[in-house]
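Trainee: Dropping a structure here in structure tokens format, bear with me for questions.
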Amino acid sequence: KVYVACQSMLIVLVGAVPEYHIDQEGIPANTAELAKHIHFAGNFTSIVTEASTSWYLIEQEAYKVSLASSLFFAGLLIGNITFGPLSDRLGRKPVYISGLFFDVVFGYVTALAPNYDIFAVSRFFVGIVNGGMALVSFVLTQEYVGKSFWSFTGSLTNLTFAVGIAVYALLGYCLREWRYLALVSNTPGVIFLLLSFMLPESPRWLYSQGKTAEAEDVLQYIALGNGKERLNLKLKPSAGTLRKDESAPGILNLVKHPVLRWRTIILMYIWYVCSFVYYGLTLHAGELRGNLYLNVALSGLVEVPAFPLCMFFIEKSWSGRCKTMTCFLIFAGFACIFTMFLPTNAGLLLSPTLLALCGKMMVSAAFNIVYIYTSELYPTVLRNAGLGVCSMSCRFGGILAPFVPSMKSLSPSIPFVVFGISGLSAGFLTLLLPETLNKPVAENVEDLQSPRYQVLKNE
């Protein structure tokens with residue numbers, strides 16, 4: 001997740017626009033000559049400061065910076081659609097490792113891109129493999145442990161994403177040349193790729209596919225790694241693998257089954273809002289007043305307190321997953337909306353920036369819970385497909401988010417009002433979902449025939 005965070009946040013520093021001025025005397029009409037009259041005052045470089053005319057990204061071409069960011073999120077959308085079902089059919093580990101390999105390759109293409117077109121295209125392909133790989137790695141992490149640990153591992157995984165944002169800000173502070181920054185932030189992917197070959201396949205996926213012997217071997221491997229003695233372990237055949245004449249469950253099962261259909265529709269909207277508000281506030285950090293690197297670091301570090309709060313509330317019987325996520329989304333919505341009532345020149349304790357950071361903390365908490373919550377609402381054979389479809393809608397939020405801050409030209413409060421209304425609506429919709437705390441996880445579609453899975457909302 002540290003590596004994923006660096007790739008996701010790359011455009012915030014690599015696409016930053018330093019102060020500049022254009023010579024007023026004898027400005028030529030064509031772009032090639034005009035680029036020679038631009039003087040940047042910043043102490044860092046970015047794709048905006050590239051002298052080549054193919055990188056001319058100011059004035060009427062400034063939208064291309066946001067476009068490159070949106071292309072990354074468009075790639076995430078495609079990656080979520082394709083990698084989820086692929087890992088459900090081919091296995092978690094091979095799909096994850098393949099995605100990480102190509103993520104590293106296209107990351108280096110981004111750093112060495114000779115012009116904007118190649119840079120933008122490489123960001124699109126990085127988005128595809130980065131989003132797919134991150135999704136599968138999250139599911140793989142969850143399926144290595146028992147359900148009682150899912151809130152901990154899910155929170156810890158997402159916590160490292162927040163830390164990764166701060167790490168990326170530190171790298172940007174030390175490396176002011178954007179190509180060096182892109183190269184260095186991409187290099188950890190090579191280390192993680194080599195280490196990933198040591199990982200076993202998901203025992204839950206093996207079991208859901210009827211490969212009980214292989215699942216037993218993985219569980220023995222994990223037990224020995226935990227310092228346990230060799231176990232006398234024998235798994236019962238999975239109920240979903242008894243009828244061999246049936247095809248493997250596919251993504252259409254999310255639409256065919258009424259319980260999964262309504263859950264998927266609601267979850268898709270919640271994921272969309274989480275991404276829309278989260279990345280909107282995150283990318284807006286680059287436009288706040290003050291030190292660019294400090295603002296980016298704070299936008300990551302402000303998330304850190306959210307994760308222990310998540311782990312505390314989602315494990316309590318009086319709050320659980322559903323009520324906790326509802327409260328975080330509603331609080332995030334109100335935090336964003338209240339910014340319109342504060343003057344921009346107010347002190348630190350009453351500044352819109354502080355409220356925006358509070359909103360970022362709340363929505364990051366909700367984003368963390370929705371990963372865990374969604375994993376528990378889908379059976380194992382469709383878990384990656386379900387997460388993939390939900391993440392797909394999530395990426396629409398990411399695609400739109402880079403352009404929302406530009407609405408401040410109409411009014412400085414409009415972007416925050418848009419984020420606030422979105423958060424409130426998603427918060428109230430969450431109440432339609434069932435609670436999963438201390439409830440069994442479905443392994444196969446057949447498990448959904450049980451009466452306890454037949455209702456959308458708990459009675």
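Positions of Cβ are set from backbone N, Cα and C atoms, glycine also.
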Trainee: Which stretch, out of 152-172, 215-235, is listed as transmembrane segment by TrEMBL?
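Mentor: It is 152-172 that TrEMBL describes as transmembrane segment.
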Trainee: Which one of these stretches, 62-83, 152-172, 266-286, 326-342, 416-433, has the most C-beta pairs shorter than 8 Å to the transmembrane segment (354-373)?
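Mentor: Most Cβ pairs under 8 Å with the transmembrane segment (354-373) come from 326-342.
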Trainee: For the transmembrane segment (326-342) and the transmembrane segment (95-114), check the count of CB pairs under 8 Å (sequence separation 6 or more) and say whether it reaches 3 or more.
Mentor: no
Trainee: In this predicted model, what is the average pLDDT of the domain 'Major facilitator superfamily (MFS) profile' (9-438)?
Mentor: 84
Trainee: State the non-local partners of the transmembrane segment (385-404) in its own chain: residues 6+ outside its ends, Cβ under 8 Å from one of its Cβ atoms.
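Mentor: Non-local partners: 66, 69-70, 72-74, 76-77, 80-85, 88, 131, 135, 138-139, 249-251, 253-254, 260, 264, 267-269, 271-280, 283, 370-371, 374-375, 377-378, 415, 418-419.
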Trainee: Using Cβ atoms and a strict cutoff of less than 8 Å, what residues sit near the transmembrane segment (266-286) while being 6 or more residues removed from its termini?
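Mentor: That would be 9, 11-13, 15-16, 69, 73, 165, 292, 295-296, 298-299, 325, 329, 332, 336, 356, 359-360, 363-364, 366-367, 370, 374, 377, 386, 389-398, 400-402, 404-405, 415, 419, 422-423, 425-426, 429-430, 432-433.
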Trainee: State, in range form, which of 62-83, 120-140, 152-172, 416-433 has the highest count of Cβ pairs under 8 Å to the transmembrane segment (292-314).
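Mentor: Ranked by Cβ pairs under 8 Å, first place goes to 152-172.
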